[in-house]
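Student: One structure, pasted below without further comment.
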Amino acid sequence: AVIGPPDVKVKSESGSLHVDFIGPFAEHDKWPLKQYYGSWNYRILYWKEGSNTEVTRIDTKHSSEILSQLEPWTIYCIQVQAVIPEWNKTGELSGELCEQTTHNGITPVWVIVTVLIGSMLAVVISVPVCFFCFLYLYRLTKHVFCPSYIFPQHLKEFLSKPPSGLQFSSSLPQEEHLFYDKITVISEESENHDNETGDEASKTAEHLQDSDQEDSDS
């Protein structure tokens with residue numbers, strides 16, 4: 001009997017190719033032919049697209065296989081056939097399926113170093129920028145809502161000097177070092193009284209002179 005090709009599905013994941021296969025089936029009852037033979041294997045053939053001379057072969061008793069250690073971002077083509085070892089018989093090859101591998105999940109060292117240096121530069125640059133932006137916004141907000149007032153210079157000088165009362169009180173304990181003149185204050189009433197007394201004295205003197213003159217004449 002002719003053993004037909006199995007049904008094959010290929011999925012690319014994490015740098016590997018996951019291959020699932022089933023069949024072939026018997027035509028009369030649709031049961032897998034695997035149940036009618038004592039030994040049954042699947043043979044997987046795969047190669048890089050465009051290089052059919054370098055074909056890799058894997059035999060397995062399971063209905064799935066993971067093709068690992070493949071080059072990332074490379075297209076591989078796959079065919080599967082059934083094999084009966086005890087009869088030395090092989091089935092027909094399945095249709096050619098080609099699938100591209102993805103990244104293998106291993107990050108190159110240069111990528112790690114580049115990301116690390118870039119992150120450090122970003123932090124070094126962003127911290128001063130954020131600080132100066134915050135400082136600028138703070139000053140702008142303070143200028144808008146709390147404008148600064150310049151205190152007049154003459155008031156600063158006035159307030160920087162101690163009050164005169166404090167100077168006077170502080171100088172009281174040192175009166176012995178002070179030099180002063182005696183001042184006599186004469187009120188206006190005393191001055192008028194002295195003037196009147198002087199007039200009366202002059203009048204008395206004149207009266208006495210007149211009396212002396214009359215006596216001499218007599």
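From the backbone N, Cα and C atoms, a Cβ is placed for every residue, glycine too.
Copied straight from TrEMBL:
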type     : residues : note
DOMAIN   : 2-105    : domain 'Fibronectin type-III'
TRANSMEM : 109-138  : transmembrane segment
REGION   : 189-218  : region 'Disordered'
COMPBIAS : 190-210  : compositional bias 'Basic and acidic residues'
Student: Please compute the mean pLDDT of the model over the domain 'Fibronectin type-III' (2-105).
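Tutor: Across the domain 'Fibronectin type-III' (2-105), the average pLDDT comes out at 86.
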Student: Looking only at the domain 'Fibronectin type-III' (2-105), what are its DSSP counts of helix, strand and coil residues?
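Tutor: Counts, helix then strand then coil: 7 helix, 49 strand, 48 coil.
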